[in-house]
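The annotation transmembrane segment is assigned in Swiss-Prot to 4-24, 73-93, 106-126, 150-170, 175-195, 224-244, 257-277, 302-322 on the grounds of sequence analysis.
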Amino acid sequence: MVYVFSILELISFLIPILLSVAFLTLVERKVLGYMQFRNGPNVVGPFGLLQPFADGMKVFIKEELKPVNSSPYLFFFSPLLFLALALLLWNFMPVHTPTLDLQLSLLLVLGLSSLSVYAILGSGWASNSKYSLLGAIRAVAQTISYEISLALILLSLIIFSSSFNLTYIMNTQEFSWFSLSCLPLFYIWFVSTLAETNRAPFDLTEGESEIVSGYNVEYAGGPFVLFFIAEYANIILMNYFSVVLFLGGPSPLNNLFPISIIIVGIKTTFLFSVLWVRAAYPRFRYDQLMFLTWKSYLPLSIGALCAILALVALLGISLPLF
């Protein structure tokens, strides 16, 4: 019976994530349609609400193709690893579901998120295609480059809040959000999350005019869907992660409603901002993408970290201990 309840808890935790991924695709197409003065999907179901399910059925009934000279085990294992890491990261988020509230949850999120580059690189190499390999190398270089700025910003927030625990960091913002006191870091964090999740205008891994579809160009059917679900689950995760770190704090409506209305509203605004950026800005060149993080964001992140260390030393705030 214990195993049955554990399985039910896991299902109740995963189904909302998968449904949110499905409807995020619909919202994205609707937003892009309205910003381009056209209607989005509006045929399948009322207001097009059944369009994600129709797309899912169409993709899953497609044949799973495998290149002749590919590495079969790594070729099919990479999408599974990518999706598993994306869903595993949700276990450390402070949501109203059975999650892991660990003392070093922030470090675990940072470490596990960096492991996704192995799945991307494995898929590009196992496909035995030059376009897949070039897309994978681009994605890995981009992810690693922007993770440095993200890690420095996280270190600044850890020092500022004196804790590695996500729940504690969220609760320390009860009277003032970190986005107000650390506004430049908040801006750098938002742009870096776009690059980290390979979203426009930093979607260089999917440059259609250069490398076709990037590291997943040889995937079709089920394995492609696993990559797709993992990418959009990471987008939702990074948006919620941003809300917890910079716009956290208990809502005054928590006693009236079962969920925090303020956090849900801000998270929805964040998601709309990500979609709006895709519709408004063209794709960067790859050299501009690299120069942005190494010549702009990295020096600013290091300077902000030094400033916060000096402020902590002046105010006598205790540094976090393991």
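Including glycine, each Cβ sits where the backbone N, Cα and C put it.
Against the transmembrane segment (73-93), stretch 106-126 shows more Cβ pairs under 8 Å than any other of 106-126, 150-170, 175-195, 224-244.
Scored by C-beta pairs under 8 angstroms, the transmembrane segment (4-24) has its highest count with 224-244, from the stretches 106-126, 150-170, 175-195, 224-244. Packing against the transmembrane segment (175-195) from elsewhere in the chain are residues 142-143, 145-146, 149-150, 153, 156-157, 160, 201-202, 238-239, 241-242, 245-249, 273-274, 277, 289, 292-293, 297, 300-301, 304: each is 6 or more residues past its ends and has a CB under 8 Å from a CB in it.
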